[in-house]
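Asker: Reproduced below are the annotations present in TrEMBL:
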type	residues	note
DOMAIN	A:57-143	domain 'Cytochrome c'
BINDING	A:C77, A:C80, A:H81, A:C115	heme c 1 binding site
BINDING	A:C178, A:C181, A:H182, A:C223	heme c 2 binding site
BINDING	A:R219	substrate binding site
ACT_SITE	A:C223	active site, cysteine persulfide intermediate
Amino acid sequence: MRRLVALALLLSACGGQSGEYAQQSQIPPEAIQSGYTFLQPETQALQDDDFANPGFLWVDKGETLFNQIPETGAPACASCHAADNRPLSGVAAHYPVMDEETGKLMNIEARINACRERHQDLAPLDHESDALLGLTAYVASLARGVPISVNIDGPARNYYEAGKDYFFLRKGQFNLACSQCHNDNWGKKLRGDTISQGHGNAFPAYRMEWQTFGSLHRRLRDCDSGIRAEPLDYGSATYMAVELYLAKRAEGLAMESPGVRR
Amino acid sequence: MIRISAPDTATAGEIIELKAMIQHPMETGYRRDSKGETIPRNIIKQFRCTYDGNIIFEGEFFPGIAANPFLTFHARATRTAMIEFSWTDQHGERWSEERLLTVS
Amino acid sequence: MQTGHKKQTRQLLTRRAILASTAAVAVGSFLAPAAFATPEDADQAIRELFGDRPINEGRVTVTLPPIAENGNSVPVGVTVTSPMSEDDYVKQIVILSPRNPIATIARFQLGPHAGRADISTRVRMAGTQTLRVVAEMSDGTLWSGTGSTYVTLAACIIG
């Protein structure tokens, strides 16, 4: 505990600013690297193994659900999104997007639940349920290898700014901003780990810490808990905004979901 | 969910690699939830692989086997037959999947 | 040496307990209980399985990563030198830990139809340790090998 507090103090001192926000640092575009780079070779090999990567248990589940006609007889996802009609290959690399119907930002999970309500007359799936994680993983897997690029023009701009704001906001008992680890100190050691740049391109991902598969929002909740700040709700507008900011910040990085992380 | 990797065909006498993975938390019984209550142990106890009805490989699992158990092992192809992979948890619930191996 | 390990574990637990109570998040750790096996427990597990039969060093190769960034899932491979013929084969492979709550991690039964005594799985390791693998041959002889992994501590303890 003492060591962690000392670390927090050290990191806040490195921030060089005593205000509410950390300094507006940036990773040079040519230095942007996936969290994959910072993993042990065995963990990288697990992600790269299309059989042994446990994330594929969820991708398989999602693919089954995607093609299955729901019990109510409503059309399956695949009835609208066939290979030759509104195909979903690559689209996850461009999420989150603005939802024209509600004027709100939505990620893949929110899009899936909106589709269920609007086109399938089904109840939304619970956050972190196998079904929602599976469908999200399946859709994200269709964008594997596609470089991330998102639109932050127009009404999305406000979300982008809000996400950026959260990223640089110092918070929690450790008074740390996301940027202080992931912009200012990536590549350095923090106990046994090498600090990553904090990109979301592997998510939803299998985390060994969780011993299961989880969403980017679950990861963000862990980051917030880690700095002893209050985690926000799954699907909250702020986490959606952070997701957009992270995607813009990671632009050009290839999608890796289903990723494997420590 | 279950994932199986097994070749569809093999020549007689060939040694084939089999891989099997099943979604399961392999809850150790040592963790606690947010209220401080112990999460009860919930693990798969047995894995069995039969080929043409004969057991060729078996595993007895303890809580030290990681979540979503993953196994690789081998078999000698002898004749065209079903390979069955099955898992049984501590409560007796069983999951299984089959693959046909065609031997020439 | 082992006492040192145990002490370190207890300190970690205390730290975790404090963090968990302040952060009010799910306490999720394989390390939660205080009861851990010792090398003696692993020896005891071997005695229960094989009695006092002599165990030879050799014929068993254990493959583990030098560093595991999370002890929840560590890949382990075991290869036993054997012709795997009808009358000379590996009957059983047992993976043992000197440091997990339960010494026995898994037992595998093989036969001549396996063709090759070469298996792999993923195991939990409650900290840096040397796993011991014992193989029982069809002639009743016992052989063993070991493999070690450093299990590193994560930067951010969530619960």
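Including glycine, each Cβ sits where the backbone N, Cα and C put it.
I'd like these features described in context: how deep, what's nearby, how far apart.
Answerer: A:C77 (heme c 1 binding site) falls within a helix when secondary structure is assigned with DSSP. Under a cutoff of 8 A between CB atoms, and with a sequence separation of 6+ in the same chain, the neighbours of A:C77 (heme c 1 binding site) are A:L65, A:F66, A:N67, A:C115, A:Q120, A:L135.
Here the Cβ of A:C181 (heme c 2 binding site) has 23 other Cβ atoms within 10 Å, regardless of which shown protein chain they belong to.
In three-state terms derived from DSSP, A:R219 (substrate binding site) belongs to a helical segment.
The C-beta environment of A:C223 (heme c 2 binding site), restricted to residues of the same chain at least 6 apart in sequence and closer than 8 Å, consists of A:C178, A:G198.
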Asker: I need the CA-to-CA distance for A:C80 (heme c 1 binding site) versus A:H182 (heme c 2 binding site), whole Å please.
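Answerer: Cα to Cα, A:C80 (heme c 1 binding site) and A:H182 (heme c 2 binding site) are separated by 40 Å.
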Asker: Which one is closest to A:H81 (heme c 1 binding site) in space, judged by CA to CA distance, out of the binding-site residues A:C181, A:H182, A:R219?
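Answerer: Considering only the listed binding-site residues, the nearest one is A:R219.
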Asker: Rounded to the nearest Å, what's the C-alpha distance separating A:H182 (heme c 2 binding site) and A:R219 (substrate binding site)? Just drop the number here, would you?
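Answerer: Per the Cα atoms, A:H182 (heme c 2 binding site) and A:R219 (substrate binding site) stand 14 Å apart.
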Asker: Residues with Cβ closer than 8 Å to the Cβ of A:R219 (substrate binding site), same chain and 6+ apart in sequence?
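Answerer: A:R219 (substrate binding site) has long-range Cβ partners A:G200, A:F203, A:A205, A:R207.
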Asker: For the binding-site residues A:H81, A:H182, work out the Cβ neighbour count at 10 Å and name the residue with the minimum.
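Answerer: Relative to the other binding-site residues in A:H81, A:H182, A:H81 has the fewest Cβ atoms within 10 Å.
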Asker: Just to confirm my parser: what is the rounded mean pLDDT across the domain 'Cytochrome c' (A:57-143)?
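Answerer: Within the domain 'Cytochrome c' (A:57-143), the model's average pLDDT equals 95.
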